[in-house]
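A.B. asks: Below: one structure in C-alpha cells.
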Amino acid sequence: MSQYSFTSESVSEGHPDKIADQISDAILDSILAQDPRARVACETYVKTGIVIMGGEITTTAWVNMEEIARNTIRDIGYVHSDMGFDANSCVILSVINKQSSDIQYSIDHGNTSTLQRGAGDQGLMFGYATNETSVFMPAPITYAHRLIKRKSQVRKSGVLPWLGLDAKSQVTVAYEHGKIIGITAVVLSIQHACDIKLTDLKEAAMEEIIKPVLPNKWLTNNTIFLINPGGRFVIGGPISDCGLTGRKIIVDTYGGIGRHGGGSFSGKDPSKVDRSAAYGARYVAKNIVAAGLADRCELQVSYAIGVPHPISMSIETFGTEKISHDILMQLIKNFFDFRPYGLIAMLDLLRPIYKETAVYGHFGRECFPWEKIDKADLLRDAAGLKCTP
C-alpha cells in the first residue's frame with residue numbers, strides 16, 4: 001500500500017485515567033525514594049468525590065498514601081468542590097496487601113546474585129522506534145502528545161485560563177511509501193468554562209495550541225480541524241467518567257503503530273518486566289535506528305515467572321534493515337542485558353522517576369534513561385557500518 005494514513009490520540013493530565021496513573025506512580029516514587037528495593041504494584045480508581053487505591057506492596061518504607069494522593073490531585077488542579085472532584089474533600093480509601101510470598105520466592109528463590117533473580121511474571125513486551133521524527137517516535141502520537149502538553153501550558157500560564165483540566169487530542173498523518181506527506185485531520189476536545197463561546201474556543205485553540213505545535217509544512221487547505229466537535233464540554237474529569245490505572249496503554253506507548261503486549265506501566269516497580277522490559281526494548285530499538293542499522297525497528301521480548309533470561313526475543317524492521325536480522329539479534333545479545341535485574345542496572349531504574357512518565361507518554365522524551373542513544377556508535381561500529389545515519 002503506497003498511500004495510507006494513521007491516527008493516534010493523547011489525553012491530558014486531568015483526564016480521569018491519567019489522574020489514576022499519576023497517583024499510582026506518585027506512590028511508587030515516594031516508596032522508591034526510601035526503599036529502592038521495594039516491590040510495588042499500586043492500582044488507583046477515581047470517580048466523583050472518591051479515590052480507591054489497591055494493590056500489593058512489600059517495603060521497609062513508610063509513606064502517607066492519602067497525603068500523596070491528595071497532593072497529586074492538587075497539583076493536577078482539582079481543588080474546588082464545584083469541579084466534582086476536589087483534592088481537599090474527596091474520600092480516599094486504601095486496600096493494600098503485601099506481595100504474595102509465592103511470587104517473591106519465584107523471583108529470588110535463594111539466589112545470592114541479584115542478576116540471577118527471575119522475572120516476577122510471564123508476559124510479552126514490545127519496543128519500537130522510527131526515524132520519522134527527531135525523537136525516534138511515530139509522528140501521530142508525538143504530535144498528539146505535544147498538542148495536549150501545549151494545552152496544559154497555555155492554561156497554567158494564564159494565556160487561556162478558562163480552559164478546563166480534561167482534554168483529548170487526535171492526529172491523523174498521511175504517508176506515501178512510508179514517508180510523511182501531511183497531516184490530514186486534527187481533533188481536539190477541551191473542557192472549558194461555562195461562559196465561553198464555542199467560536200472563541202475554536203479560534204483560541206487554533207492560534208494558541210494547534211499552530212504553535214504542528215509543522216506548517218504538513219498542513220494543507222485540505223487538513224480537517226475538529227475542535228470540540230461534540231460542542232459544549234463543561235462537565236469533565238472524574239465527575240464525567242471514572243478513571244483507572246493502566247487504561248491508556250496505547251497513549252502511553254506508540255499510539256498503536258508499535259504493537260503492545262498488554263501490560264500497563266504505572267504503579268509498578270521496575271522488578272515488573274511489564275514495565276522494565278518495555279523500557280529496555282524501546283532502548284534497544286531506538287539505538288538501532290539511531291545507529292542507522294534500520295529506519296524502523298520493533299523488538300519483542302517474553303518472560304516466564306521465576307526465570308531470569310528471556311524465553312524469546314524477536315526483531316522486525318519492516319524491510320528497512322541495513323544488516324541482517326541475525327546480525328542485529330547477535331548485537332542485541334552482545335550489548336544489552338535483558339535479565340530483569342540486568343535491565344534495572346543498565347537503565348538505573350531503582351529511582352523515583354516514574355510520576356513524570358504518567359502523562360504525555362513514556363517514550364520520546366529525553367529526560368528518561370531508556371531514551372538515551374549512548375550505544376548507537378557502538379552498534380554501528382560493531383556492525384561495520386562507517387556512515388552516519
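Including glycine, each Cβ sits where the backbone N, Cα and C put it.
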A.B. asks: Looking at 66-76, 99-109, 308-318, which stretch does Swiss-Prot describe as region 'Flexible loop'?
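C.D. replies: Of 66-76, 99-109, 308-318, Swiss-Prot gives region 'Flexible loop' for 99-109.
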A.B. asks: Work through the binding-site residues one by one (His15, Ala167, Lys248) and name whichever has its CA nearest to the CA of Glu56 (L-methionine binding site).
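C.D. replies: Closest recorded candidate to Glu56 (L-methionine binding site) by Cα: Lys248.
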A.B. asks: Could you list the residues of the same chain, at least six apart in sequence, whose Cβ is under 8 A from the Cβ of Lys268 (ATP binding site)?
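C.D. replies: For Lys268 (ATP binding site), the qualifying residues are Leu28, Val40, Ala41, Cys42, Asp274, Arg275.
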A.B. asks: Comparing the binding-site residues His15, Arg232, Lys248, Lys272, which residue's C-beta has the most other C-beta atoms within 10 angstroms in this structure?
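C.D. replies: Counting Cβ neighbours within 10 Å, the top one is His15.
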A.B. asks: Enumerate same-chain residues with a sequence separation of six or more from Asp17 (Mg(2+) binding site) and a Cβ-Cβ distance below 8 A; give 'none' if the list is empty.
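C.D. replies: Expected: Val11, Gly243, Leu244, Thr245, Arg247, Lys248.
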